[in-house]
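Copied over from TrEMBL, here are the features:
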type	residues	note
DOMAIN	A:20-443	domain 'DUF112'
TRANSMEM	A:45-67	transmembrane segment
TRANSMEM	A:112-133	transmembrane segment
TRANSMEM	A:139-159	transmembrane segment
TRANSMEM	A:166-184	transmembrane segment
TRANSMEM	A:204-224	transmembrane segment
TRANSMEM	A:263-286	transmembrane segment
TRANSMEM	A:321-347	transmembrane segment
TRANSMEM	A:359-378	transmembrane segment
TRANSMEM	A:390-411	transmembrane segment
TRANSMEM	A:423-448	transmembrane segment
TRANSMEM	A:475-492	transmembrane segment
Amino acid sequence: MPELDTVLAGLGDALTLGNLLYVVAGVAVGQFVGAVPGIGPVMAMAIAVPFTFVMSPLAAIAFLMGVNKGGLFGGAIPAVLINTPGTPDAAATALDGFPLTRRGKPLKATKMALYASVTGDTFSDLVLITVSAPLAAVALYMGPVEVFCLIVFAFSVIAGLVGESMVKGLAAAAFGLLCATVGLDPDQGTPRLIFGWFELYDGLPLAPVAIGTLAVAEILRRLVAMRGGGRPAVTIPEAQDPADARVSWAEYWGCRYTMLRGAVIGTVLGAMPGIGSTAAAFMSYASARQASRDPDSFGKGNLHGIAATESANSAVVGANLIPLLSLGIPGSIGAALVISALMIQGIQPGPLLFESQGRLIYGLFGAMLMANVVNFWMGQLGLRLWARVVSAPESIVFATALLLCTVGVYLSTGDLVGVYVMLIFAGVGTLMTATGYSVVVFVIAFFLGPRFELSLSQTLGILGDDPVRMLDHPVGLGLLALAVAAAWWMGVRQRGSRTAR
Amino acid sequence: MRLATLTFGLLAALAIAVPAHAEWKPSGPVKLEIGFGPGGETDTMGRAIAAEMKKQTGWDVIAANKPGGGGVAMFTGVGAAKPDGMTVGMGVSMPVLINLVLRGDKLPFKLDSFDYLATVTRAQVAIVAKADAPFDDVAGLVAYSKANGGAPVAFDAKPQELILRGINKQDDAGIRPVSSKSSAEMIQNVLGGHVVASFAAGAHIEYLKSGDLKMLASATADRHGYAPDTRTLREQGYDLAVDPWFYFAAPAGLPADARAGLAKALDAAIASDAVRKLVANAFHSEVENRGPDGTAKMMTDGIASVKVLFGQ
């Protein structure tokens, strides 16, 4: 534990007007690029990193954290308002947010997303500040074998989202895994399914596939269904009951366990490198639905669905810094970008970071808490603005969204190939939706696929040809047992609800 | 290959023959394509060099990311671009060399599809283990692996895996290579005790200082400046080495003045304080520009050494 005066000096460094302005600028940029489909906070951070060269180290980190935090909430805005998630981790937010918008309550839905996002974020920041060292030790204990078992467990929980037909759900998941195998295989380095496109050596790029299937497919569907084009994209009833435009304290408090569960899931997954916020969002959503007394109301505008997703995906951001600050290991691309910014400044990340840069780290903590407050405040302000933006005529809103998706994907992949992939997967997404296959299940399988394959290959390398070595990994065995239990429990529950019908 | 060398020699001679007062200027923006995604160390280095070039020469230099296959996607585009000095690519030698050796017939470019311009630095690849591991060198690792029915060792690039297989072949060590995606991931798995040892390319230096890790060998051709007492693999009796260079190349057939102008601008940018500092911070090594001929020779020699790794 560092000296108290280091802590105070660090926090004092953070609380200056200059840093506050950088945080405000970061959150504004983050919320904007998160809300604009296609770019996303990681891309915005990557673009911003070289600019931080001229800033002081603390201002640079404050700015990047602002972008990251603002972006994760920003992604929820288009997901809720027009059903086109700006970031893949907001895809689960759309499941319950958009039905609320259709019922004329877009402000209620986006506000719930904002409150849950800030709640989850603050929770994981507090965990980071107070108990990051023991949590980092736990994360270190999670090796490839344990990560493999964890992903199996995640699949078993998320399987609850497959929808009515188990066969179609499994087919969608299998297709997602198949798409994840495109590119060099992790073991032999042989290119697979690239059909002469060298751009696909590293696999199908994540952003274009997610944006194509989730956002562009929806935009195309809405454009096709459009008649005339003078209608606003989102209609808010003129004489709206004020209770439908806000989230009451009772409603917020009613979601406390859901948000706590989401925040814990997000924090635990965030502390472990490589799993990511999309998986956390869906695991939290699926488990909230499992725990609910009324699971059938999910997907039809249940506030718990929004609370579960947003608390989990935002909790990942703070927790990603746990392995970074205590061990020097980045837990996500966002955290790796923070490392890049530090290295440009001549600060070496690593196990000695806390000792050598204690004051800077506490400055970072101060900046993170500041960013949460700013995120909340700017979100309140921004929501009104976005709600105005989407009440423009459909023809303008969706055409603009399509253009922005294209530009965003081009920016993030640096290549037209990304745009082709996006368009192809927009077609795939449209076909899947039309034939009743779950796009969401496809996207999760695609996102977890590469990590799943890599950790399987690593597990085989570590265990060698002797399966008995698995006994050295009790945590992994425990997770596998949980996965079996989750699958079994879900089967029982589904059968139960079927006989009830 | 001889023809290629001859061409390089001729071009170099031409470049020298160009009088110094005839300064070349690009007729439009120079596109500097980086073969990796945005935000990483390679990207940061490429952007810093682009910014320095712009500052020093006044040219409009635009850095762009073209990730895919460790630079293969980017060099595919650069190899097919017009050789007018307005397209330059930055990549890492190893993945390109491996692809040329393994599937050269399927690649849309050859070694001589490019005019080589400059090198920036090379990665400091090492083999490391946890500080309390019961061995201090590769021979000790081999003995440990034999005594324990094989030891998992992490790698994150093909040549590293080939080194492990080479050690297995030589000593029948039974090391089990474990594929990984980054230095960070490998170090985590070493610290967590999930693998017995791993490769690392610079990120390990801080852990050497903190006493969490120890270095078993330098996996490059030379010893490393920060650990002058740790012997290379070659010095430990294994004729295996990997030398990933960061380098610049343009499409083959550049006019001599453009080639000389670009090489000169790159050299000045690489030698600048900003780039030196960045390379020291992010790569833990020093800038080392071998110039156009040295870069071409590095690639030609690289083909031979990669063939040795693959046992060809």
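Glycine is treated like the rest: Cβ placed from N, Cα and C.
Of the Cβ pairs linking the transmembrane segment (A:45-67) with the transmembrane segment (A:359-378) and spaced 6 or more residues apart, 3 or more are under 8 Å, so the two regions touch.
Pairs of Cβ atoms less than 8 Å apart link the transmembrane segment (A:263-286) most often to A:139-159, out of A:139-159, A:166-184, A:321-347, A:423-448.
Just going by CB pairs under 8 A, the stretch in A:166-184, A:321-347, A:359-378, A:390-411, A:423-448 that sits most against the transmembrane segment (A:204-224) is A:423-448. Non-local neighbours of the transmembrane segment (A:423-448) in the same chain are 88, 91-92, 95, 151, 154-155, 158, 161-163, 165, 168-169, 171-177, 179-180, 204, 206, 208-210, 212-214, 216-218, 220-221, 275-276, 278-279, 282; each lies 6+ residues outside the stretch with a CB under 8 Å from one of its CB atoms. For the transmembrane segment (A:475-492), the neighbouring stretch richest in Cβ pairs under 8 Å, chosen from A:139-159, A:166-184, A:321-347, A:359-378, A:390-411, is A:139-159. Only residues 6 or more beyond the boundaries of the transmembrane segment (A:359-378), in the same chain, are considered here, and those with a CB under 8 A from a CB of the stretch are 2, 6-7, 9-15, 19-20, 23-24, 26-28, 31, 57-58, 61-62, 65-66, 69-70, 73, 114-115, 117-118, 121-122, 125, 128-129, 318, 321, 325, 347, 353. Between the transmembrane segment (A:321-347) and the listed ranges A:139-159, A:166-184, A:390-411, the one holding the most Cβ pairs under 8 Å is A:139-159. Under 8 Å from some Cβ of the transmembrane segment (A:166-184) lie the Cβ atoms of residues 155, 159, 190-194, 200-204, 209, 432, 436-439, 441-450, 452-453, all in the same chain and six or more residues away from its ends. Across the domain 'DUF112' (A:20-443), the prediction's mean pLDDT works out to 87.
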